[in-house]
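Q: Would you mind keeping the following structure in view while I ask a few things?
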Amino acid sequence: LRTGFSTSQGKLLRTILFGVKRLTANNRETLFFILFLLVFALNAAIYVWVKGVEDPSRNRYKLFLECILILTSVIPPELPIELSLAVNHSLISLQKLGIFCIEPFRIPLAGKIDVCCFDKTGTLTTDNLIVKGLTGLNGSKALNSIQNAPLESTRVLVSCHSLMQLDAELIGDPLEKACLHAAGWTLTKQDTVIPCKGKEVPVHISHRFHFSSSLQRMSVIASYIPVGSSDAQYFFAVKGSPEILKPMFWKPPENYDEIYKQMTLEGARVLALGYKLIGHRSHQEVRSYTRDFVEKELDFAGFVIVSCPLKPDSKEVIREIIDSDHRVTMITGDNPLTACHVAKELEMINDNTVVILEEPTDISGGWFWVSLDRSIHIPMIPMQGVQYLALNFTLCMTGSGFAYFYNVNKAFLSELLPYIAVFARMAPKQKEKVVTLLKEKGLVTLMCGDGTNDVGALKHADVGVALLSHPALTVDNRDNNSKRSNESTSTLVANATRNSAIHSDASQQHTLSRSSPHSHAASRRLLNSKSVNSSSTMSKVQQALKKYEEEEGPALVRLGDASVAAPFTSKYSSIRSICHVVRQGRCTLVTTLQMFKILALNALLLAYCQSVLNLDGVKFSDRQATVQGLLLAACFFFISRSNPLKTLAKQQPLPNIFNAYTLLSVSAQFIIHFFSLAYLVSLTHQINSYNNVEKANLEQKFQPNLLNTLVYLMSIMFQTCNFAINYRGHPFMESLVENRALLYTLLSAGATVVILTAGLAPDMAEQCELVHLPPELRNAVLVIIAVDVLVSYSADKICAFVFGQVKKSTTRQQLEKK
């Protein structure tokens, strides 16, 4: 007996909870960003202290407090709020698209993705499997329908599965359900399969050796009772991958490999069937049989050919992802020939010849690459040769090759891994290791899957996206269960009314037998009530059933679904959600980086105003600070609500804060703003000196003056200019013209500054506690504003043109050459 974390679900839960270290969103970059600003704040604080102590009348305590305020002001208090706004807007946008995220910090990571990994079955292809028929019997390549298959093959097909009946619904693997349906048999709750038509006897499943990804097969012990006999005849039924089952057959067809490889080349899923009749056995003997005993010396019962149609939009989405500068890789547990065929149909791989890494055929041989038609054999060569090989061939690796090199030469495998286009016959743990190795190579990795076997890879990927295969089906089942409960309720009420008059035990037992399992306890309590009328009984039963369904009803997402582990979950089965996640990730990443730029410029200008200008007696009134704060908050709010474009751009956004473009652009804009403001301040000092205006006293009540008015108007203009120039727009998000709310806010702020500077609205100036500017200063301010905006815009565009492209890693450059 195994309990807790030792059970299958416990191991799954342990992988989900402890499989990967929890990431944090740009904490290190944010720290360095604050330290970068702190350097300027320290210089400003030192300047204030040195100049302040020169005045013997100045209070040292207040001077020290001003220095502390300069140091703390460099850390924008609105920084976490602004970053949260961008991420929260992305969460809401994704939710509207049917995508839910439990780790919001991964949204910006979606904008940095280098490699997109996809599972095949259920992700790129549909779960609506089509069973084409049975082939390979007596070495024939003819494809026979399941209905006309030999009885032994049919018995293997309908008995060797893990299906079960739950609430009149067949639960289990879609492939096994498709095979059972194609054979025309049904499964009962007692693990017995019976034919819908015909005279074949039912088959009872006695014991299952469940499917294992590492073994690539499953087997059962089943029995049937021949007509005219009372003794059960037992047989072994085995199904699995053709290459694994071949050694288990005592006499496979001579063209065994040729048949199944031809089918896999055409894109079909192929399962080999094995059968062995052992006759009458006792229950003790049957229970003593081990898996090794069952899976040997089998009779070959044919190949089941199953078609997996592509999802309608898979090819279009894969092309869009490739065109947007992403590497696409398939990681599947299916046959390599089938996987390569699907990859070709989706245009995931180019027209180069596909070669598969295969293990040595003898002890003295080595690993080699072989083409699909086996016309090309290339021995495994050193890494410098692999790079050349990747330029001329499309590489496919199987799980056996991955396991060998992972244990023998992990460094070589790590170098080889980014060039592999298709991973086939991969176990769940191997999928996880592939993603981990890609991350160790410095590639930001996305994993998309829909099953429990993808849980480890989804959890370890930088961005894991789970697809719900049948969300609508689950809701329909819940509705059907509700209908059945309502029908049971009506039956219960009618019987309860009759029983209250007759008091018949037999009738009560009949009623209980017809009640649904969900309402069994509630039904017994209601039937034992002796004085109820039909209306009150109906009301109580409905309330009890509703409460029970709410507490015990099936959930849409259950333990074992890939969505339990994945940071992102799409309620639709289409991989279109990958494009939505990447687009939103790029938009959020760009929004975050431009917020850092704007906050840096504002913090640097604030440090200058609080240091140099503060010594000149410059301070803002409460009303002025409030207006400026509201403008800042509105601009940040509207910039965080920018939406991505409808299509993915070929260009990748800059992945981090510290890059040449950001640092040079921020420095250039700050220098331009600094000299603009310094020139106007010096001009104002000349005017004040000429008019014998004394410096304002910071200890007294605020009184508007010429220097305060100038600095306030320029600070508003600088903020407006910072938002307008540093807004990124296309190709990752809507342009400034399309973001109407932000555009109108910036235009209104800029127009207001010009109107107040020109003195066209004296009443507004009085409300803002500003004074009238003299003509010589007014003209200079208007000219400086125009020059500052034009030069700052030009400097940012030049930096973006020269340094704005993503500097790609060596691995990315090599992949792009391929």
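Cβ atoms are placed via backbone N, Cα and C, with glycine included.
Annotation source TrEMBL lists compositional bias 'Polar residues' at 503-512. Summarising the annotation, TrEMBL assigns compositional bias 'Low complexity' to 513-538. Taken from TrEMBL, the feature region 'Disordered' applies to 503-538. Feature annotation from TrEMBL assigns transmembrane segment to 31-50, 386-405, 595-613, 625-640, 661-681, 710-729, 741-761, 781-803.
Show me how these features fit into the shown structure, please.
A: Beyond its flanks by at least six residues, the transmembrane segment (386-405) meets 333, 336, 339-340, 349-350, 352-359, 367, 369, 378, 412-413, 415-416, 419-427, 430, 433-434, 814, 817-818 of its own chain at Cβ-Cβ distances under 8 Å.
Distant neighbours of the transmembrane segment (595-613): 33, 36-37, 40-41, 44-45, 47-48, 66, 69-70, 73-76, 78-79, 82-83, 86, 632, 636, 639-640, 657, 662, 665-666, 669-670, 673-674, 677, 681, 707, 711, 715, 718-719, 722-723, 726; these residues of the same chain sit at least 6 beyond its ends, with a Cβ under 8 Å from one of its Cβ atoms.
Sequence-distant neighbours of the transmembrane segment (661-681) (same chain, 6+ residues past either end, Cβ-Cβ under 8 Å): 593, 596-597, 600-601, 604-605, 608, 613, 616, 654, 707, 710-711, 714, 718, 721-722, 725-726, 777, 780-781, 784, 787-788, 791-792, 795-796, 799-800, 802-804.
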Q: Within the same chain, where does the transmembrane segment (625-640) have neighbours whose Cβ lies under 8 angstroms from its own Cβ atoms, ignoring anything closer than 6 residues to its ends? I mean 6 or more beyond.
A: 78, 82, 85-86, 89, 591, 594-595, 598, 602, 712, 715-716, 719-720, 723, 727, 739, 741-742, 745-746, 749, 768
Q: Can you tell me which parts of the same chain pack against the transmembrane segment (710-729), counting only residues 6+ beyond its ends and a CB-CB cutoff under 8 A?
A: 590-591, 593-594, 597-598, 601-602, 605, 609, 613, 618, 620, 624, 628, 631-632, 635, 639, 665, 669, 673, 676-677, 680-681, 684, 735-736, 738-739, 742, 746, 749-750, 752-753, 756-757, 768, 770, 773, 777, 781, 785, 788-789, 792-793, 796
